[in-house]
Amino acid sequence: MGNEESVFFSRVLTELTLSFHIIYATIGVGIPLMIMIAQWLGIKKQDEHYILLARRWTRGFVITVAVGVVTGTAIGLQLSLLWPNFMELAGNVIALPLFMETFAFFFEAIFLGIYLYTWDRFENQKKHLLLLIPVAVGASFSAVFITIVNAFMNAPQGFDLVNGQLVNINPVLAMFNPAMPTKVAHVLATAYMTSAFVLASIGAFRLLKGSNHIYHKKRYF
């Protein structure tokens with residue numbers, strides 16, 4: 001296999017994995033906020049329908065997290081095996097947000113586990129709701145940090161390439177590159193919007209199928 005063919009198939013494999021991963025990653029960023037809003041409304045209005053919505057959405061969210069972890073791990077392996085030159089540069093210049101993304105995910109996963117196993121364990125449901133805040137924050141920051149890496153790929157800065165060697169490396173300058181603000185804002189906005197539309201479409205489907213139960217209508221808040 002020639003060099004051009006290997007590059008082509010590497011691109012195809014990476015594109016397929018990323019296109020599959022981005023679906024679950026996008027939903028995984030936005031869903032925690034929707035769960036938090038639903039549970040907060042349930043507590044505020046003392047409405048069990050909102051609490052039930054939050055509980056069922058959480059079950060679906062766990063599935064998206066599981067699939068997202070598997071596909072995300074595959075992407076990490078592909079970057080190392082298929083694009084070693086880029087990873088060599090990334091490891092020296094833009095590794096900081098990659099590590100921070102990992103810690104943000106661990107932060108999210110730890111509190112998600114606690115949140116799941118403490119349903120009906122608190123007399124004051126507001127305490128249980130507080131456990132969801134780190135989940136939503138961790139999911140959002142995970143998206144922010146990985147988007148910073150993507151922004152760096154579009155507007156690389158924070159280093160000089162002299163005679164094939166990386167010099168004058170500034171990781172902070174690399175993170176806050178010109179493409180970062182718009183890309184981060186775009187990713188977060190679309191993640192929240194996509195998640196809201198997905199949840200709303202499920203309710204719309206149930207209503208179109210003839211289910212007029214108030215439970216399905218309340219997902220529109």
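Cβ atoms are placed via backbone N, Cα and C, with glycine included.
Those TrEMBL annotations? Automatic predictions, nothing curated.
Pulled from TrEMBL:
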TRANSMEM  20-41  transmembrane segment
TRANSMEM  61-82  transmembrane segment
TRANSMEM  94-117  transmembrane segment
TRANSMEM  129-153  transmembrane segment
TRANSMEM  184-208  transmembrane segment
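Relative to the transmembrane segment (184-208), the listed stretch 20-41 leads the set 20-41, 61-82, 94-117 in CB pairs under 8 A. Among the stretches 20-41, 61-82, 94-117, the one making the largest number of Cβ pairs under 8 Å with the transmembrane segment (129-153) is 94-117.
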